[in-house]
Amino acid sequence: MAQQDTEQSVNSEFIVDTEDCEERELAHRERGTSRPITVVGNPVLHRECQDVTEFDDKLAELIDDMFASQRTAEGVGLAANQIGVDLKVFVYDCMDDEGVRHVGHVCNPVLEDLPADRRVLDDSNEGCLSVPTAYAPLARPDYAVVSGQDMKGNPIRVQGTGYFARCLQHETDHLYGQLYIDRLSKRERRDALRQMEEGTPRYPVVAND
Ligand code: ZN
């Protein structure tokens, strides 16, 4: 019983993802290989990904590749299906409300329900590497908590404010097959897709059939 109590109190704490960001991000991407980004229309982006069940070297290599790909594409977050891998894991390198940098990864993320007083909506612009060159305003809570596991399978919780809260929600959505444009009105969605048609991505993408 005492043991379990200890575990529960540890599990309810948030991980520290603000320390040694520079070194950790660099180490990941130097080990990894950058891969091209899948874009809207690719089936892997439009269905729920598989749960991570093997916390092995292969998963660690995937996370390294995701950091390398995220850097090439100059993203602040990247889900595995954005490099064509059908697994529930995302990485992030993102600033919060106060300009503090967060670097980390989450396997099997689940967004926690927020108490009503934390549901303050922010309608800033959102964009996605899988909808290149398009942006649209989208209202989301400006605070988010994601629980999941790290690459060793340990339970973790991550909290974010501002742009980082948006990132945590956006990346979790990806792993359940949802793009931010799916949350827009029909007209706004059409407009975002038109921006994408007219633009040219600044990073390698996977052509759709
Ligand atoms: Zn995205």
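Every residue gets a Cβ built from N, Cα and C, even glycine.
Among the candidates Cys107, Cys128, the residue that TrEMBL annotates alongside His170, His174 as binding Fe cation is Cys128. On the backbone, the CA of Cys128 (Fe cation binding site) and the CA of Glu171 (active site) stand 10 Å apart. Within 8 Å of the centroid defined by the CB atoms of Cys128, His170, His174, the record's Fe cation site, lie the Cβ atoms of Gly77, Ala79, Gln82, Leu129, Ser130, Glu171, Asp173, Leu179, Tyr180, excluding the listed residues themselves. Residue environment of Cys128 (Fe cation binding site) contains 26 other Cβ atoms, counted within 10 Å of its Cβ in all protein chains.
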